[in-house]
Amino acid sequence: MEKRSSFWTIAAVVAFYWVISITTVFINKVLLSSDTVRLDAPFFITWFQCVISALYYFIYEFLFEPNVKKSPFQWRILRQVFPLAVVFASMIVFNNLCLKHVDVSFYYIGRSLTTVFNVCLTYVVLRQRTSLKTCFCCVFIVAGFWLGVDQEKFVGTLSVAGTIYGILASLSVAYYAIKVKEVLPQVDSIIWLLSYYCNVYSVFIFIPLIVSSGELQVLYAYDQFFSAYIWLLLVISGLCGLAIGYATALQIKVTSPLTHNISGTAKACAQTVLASYYYNEIKPGLWWISNWIVLIGSLAYAKVRQEEMSKPDQLPK
């Protein structure tokens, strides 16, 4: 009975992660580049998502963590965390810009280089060598990425801007993952507190970007600015951004980091198939092969890293 309960708990958590993750991507796609919304203001949309997250963490601190008396505007905290917040802001805005310019079906391929950049930055920043097996997995992923780009060009749907934004988003995500480990001790290793600070600082980081990009004029001329539907979508997208962080942590907690990576890779495959069906997209065989190459490379990398971490004495020095 206990095993059955454990199985259903894991199944429910994995399903929750899949639903939240896929829903987040589709809702953001609607906000960023759909004919129903028609709002060309990616910086504003990303800013609003940060506002929702910052408000949530502020309320959470007030209600459940009253003993944590660390304002994000203390000079010591600002000096230590703000550089990470810049990387965080870059990560989420490049992610949204990529999704704005590419199809949902290509989104996974466009963002597939995170693993490769993580390996490269681990060596460049942390001076930690990588095993030959890991490097081979990265070569496999890069090959799938380039084949996917080639096939997008072949069918006439390649967005150069979207692909570049995807590469920059992958780079930002990889660098953020490395810098978080460095900054986290400065906030007593409280993950939600670090997320709170990053979202608060990002709210201010995006304001000059909104102004300089001309999005204030876009918002002023936007005929649906007071539409309840638009604001509902914005709020839901912000809440989904929060929920995906919780779902990720929960999935890792009830399974393992390796299972989480496998689940995320399988979810990306399902997301690609679902998007192709939903948007009635017809893709050539090589396009689908490129997805499988990236998926297999990512799964192999997760497996290799799990084996290496379980045997730390065999890690490259």
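Each Cβ is built from the backbone N, Cα and C atoms, and glycine gets one as well.
Annotated domain 'Sugar phosphate transporter' per TrEMBL: 10-270, in sequence order.
Residues or ranges marked as transmembrane segment in TrEMBL: 7-27 (among others).
Per TrEMBL, the feature transmembrane segment maps to 39-60 (among others).
Listed as Cβ neighbours of the transmembrane segment (81-99) (distance under 8 Å, sequence separation of 6 or more from its ends, same chain) are residues 25, 28-29, 32-33, 42-43, 45-46, 49-50, 72, 107, 110-111, 161-163, 165-166, 168-169, 172-173, 175-176, 179-180, 183, 186-187, 194, 197-199, 201-202, 205-206, 209, 241. Sequence annotations record features per position, and here TrEMBL assigns transmembrane segment to 81-99 (among others).
The transmembrane segment feature in TrEMBL is assigned to 105-125 (among others).
The transmembrane segment annotation in TrEMBL covers 132-149 (among others). Residues 106, 109-110, 112-113, 115-116, 119, 158, 163, 286-287, 289-298, 300-301, 304-305, 308 of the same chain sit 6 or more residues outside the transmembrane segment (132-149) yet have a Cβ under 8 Å from a Cβ within it.
Per TrEMBL, transmembrane segment is recorded for 155-178 (among others). For the transmembrane segment (155-178), the list of distant contacts is 84, 87-88, 90-91, 94-95, 97-98, 100-103, 106-107, 110-118, 120-122, 125-126, 149, 283-284, 287: same-chain residues at least six beyond its ends, Cβ to Cβ under 8 Å.
Residues annotated as transmembrane segment in TrEMBL: 190-210 (among others).
Tertiary neighbourhood of the transmembrane segment (230-250): same-chain residues 13, 16-17, 20-21, 23-24, 27-28, 30-31, 37, 39, 45, 48-49, 51-53, 56, 92, 191, 195, 224, 260, selected by CB-CB distance under 8 Å and a gap of 6+ residues from either end. The feature transmembrane segment is assigned by TrEMBL to 230-250 (among others).
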Remark   = Looking only at the domain 'Sugar phosphate transporter' (10-270), mean pLDDT returns 91
